Each structure stands twice: as structure tokens, then as C-alpha cells.
Amino acid sequence: MKKHNFSAGPCILPQSVLQQSAEAVLNFNNSNLSLIEISHRSKDFVAVMENARNLALEHLGLQNKGYQALFLQGGASLQFLMAAYNLLEKKAAYLNTGTWSDKAIKEAKLLGEVVEVATSKSENFNFIPKNYTIPKDADYFHCTSNNTIFGTQMRTFPETEIPMVCDMSSDIFSRQLDFSKFSLIYAGAQKNMGPAGTTLVVIKEDILGKVSRAIPSMLSYKVHIDKESMFNTPAVFSVYVSMLTLEWLKEKGGITAIEKVNNQKAELLYSEIDRNPLFEGFVAEKEDRSKMNATFNLKNDKLKATFDEHLKQAGINGLNGHRSVGGYRASMYNALPLESVQILVDVMQAIEKGA
Ligand SMILES: Cc1ncc(COP(=O)(O)O)c(C=O)c1O
């Protein structure tokens, strides 16, 4: 039975990418060797790393603009610490829009003063705070573009003279932005890029070298840049699959083309959540709704067993909300086809009709 995979991450990847990855595990580039049993210093793998790094910059429109792309390990969670380690001298400004921002703040506090410019924590992060002031004397401003757990997304980003750092783990490559506004972007691969195990870091080189602390090699962006993302053995499989997904995205027409489909998917689902009297969305302001992770609930809990059974029958997978929030969460990452969202909407309409 065909599955419709709405998982929040790890999540759906393009079928063609899975097929190519499976083949490469058995026989990489017709070498009769597996991708995962050859040296990461071999010509063939070095080419993969180079291609992946170039594609990432190309998609973001950041080639030849002083940026470097790295594929590191340790997840986006290590970037919470690494960003602060490399950039925080005295004080940093953070916008707190969810659990992930909260965790980033916790790590930064180990290294200096953190000014929380605004937070929606008291409302369980159900909106994106606006109209806050960023202190000009902070070393950088950090934000999270998409709150994967509660389902909110920043539509606009502040104008600020200080370097802007953004955790784009759950919406990277899903929408067009002026990426040159950001000095550091990081994203765990396991949403719009590939398997867990590697994290994309895109960094403007001129923001480095300004902190006085000694930085351990593995935590130093400079070391990873100097070693072309090969300071130590990279997560070869994750980087390879990420490269394939970035190639797939290019064939689709890049971010601009995928954004159109992402808009259609979000429009289709949110219109149903708003129209169908059995459901309600979580997010307070419609303008803050995430186009990647739509959160919603059944107004009548007694229908849960019926709805869940319908979802199962339709082959819908991964719709449970995050354990800290409950309810339902439909994650509609780049590789999820519009057809899957239509199936979900059909199920929502079927239980409304009492089917
Ligand atoms: C926005 C965001 N930031 C950070 C993380 C943590 O990523 P990792 O598990 O790669 O450390 C996640 C994970 O879902 C996330 O959604």
C-alpha cells in the first residue's frame, strides 16, 4: 500500500533519491565498491563533498559572496553551541520562538550574556513575536526560522546591522528569501535534505576570528573551512544523499519552483482546517502558520479513534503531534507530493460526513 509520509524529521525524501542512494550503497559510480566502504579522501567522494557544498550555496544564491558551506556532524543541536563558541564574545541577542530556540539560548548562556529580545513562551509558542528591538552592541542576533514543534514560521526577518544567525533546520530550501541577510545559517539534514547525521552550515567568512577564546578544533568553523569540510571523516552517506536531494531540487527548478508547490500544499490543508467544523488549528495568528509543519486538533476528542483508523486505512503516516504538544502535525517538506495532502484532506472530509 502506498504510504503518505507526514513525519516531522527524519522524514520523506524523494523516491528517486532513495533509489539512487540504495544503488550507491551497493555499487558506487560503477566501481563495484560501496559508497560507504571507500575512503572519504578518494577522488569520487571528494567530488561528492564539493558538489554538495556548491549546490547548497547555489540554491541559496550565495556563490561568490564570501560564504562557505560545510557539512558537519553533531546535528543542529551542536550548532547551538558552536555558533556561540565562534561568535559570542560578550553578549548575544536571541529571539525565542520555541523549544529549539530555547535550547540554543541555553547553550549560548554557557559562554556569555544572552539578551532574549522577545519570546512567546508564556503562550506555549503559539505565535511569532514582532516589533522587538535588537541591541546594536550584541555580537549577533539568533533566530529560528521555523518552529517545527508548534508549527509557526517567521515570514519576515528583522533589519539589523549585527550578524544574523538562523537555525533553518525545518524550512531550508523550501522558500525563497534574501539569504545574504544572514551571516550564518545552519540546518540538520533530516528534513529537506537527507538522512540524519550531517548538518549544513553556511557561513560568511568575515564574521569569524572576532572572539578571544581558544576554540577546540572540532568546534571551530575556521578549521572546518580550511579543511574543506574534511577535517575528520564526514558522514559520507548523509552527505551523498543530501547531494542527490540538492540535485533533485535543481532539476525541479530550485527553491522558486518548490516554493510554489509548498504554497499549494499549505493552502490546501489550512483551508480544510479552517473550513471543517471538526478541526481547529493551534497557531494564534494565521500569518504565523508554518508551511512546513501544520498543527491542528480534533475539537471532539471522542472522534480520535475513528480519525486515526481512517488515517491508517489511507496509508497516512507520521501525523501525531510532537509529544510536548499533542494533537496532529502534518509535516509537508519538499519531497511530500501535493497528492498526499489531498489524501489527508479527503480523510478529514470523510469523517465530517460520518463515513
Ligand atoms: C528547528 C530545529 N532546530 C534544531 C533541531 C535539532 O536538530 P538535531 O536533532 O539535528 O540536533 C530540530 C530538530 O527537529 C529542529 O526542528
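Every residue, even glycine, has its Cβ placed from backbone N, Cα and C.
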Among Gln63, Gln190, Gln264, TrEMBL assigns to the pyridoxal 5'-phosphate site of Ala76, Ser77, Trp100, Thr148, Asp167, Asn232, Thr233 just Gln190
Expected list for ligand 1 (Cβ under 6 angstroms, recorded positions Ala76, Ser77, Trp100, Thr148, Asp167, Lys191) reads Ala76, Ser77, Trp100, Thr148, Asp167
For Arg41 (L-glutamate binding site), the closest of the recorded positions by C-alpha position, picking from Ser77, Thr148, Gln190, Lys191, Asn232, is Asn232
Among Ala76, Ser77, Trp100, Thr148, Asp167, Gln190, Asn232, Thr233, the record's pyridoxal 5'-phosphate-binding residues, the widest C-alpha separation in angstrom comes to 30
One should report the C-alpha separation between Lys191 (N6-(pyridoxal phosphate)lysine) and Thr148 (pyridoxal 5'-phosphate binding site), rounded to whole angstrom, as 10
Asp167 (pyridoxal 5'-phosphate binding site) -> DSSP, reduced to three states, gives strand
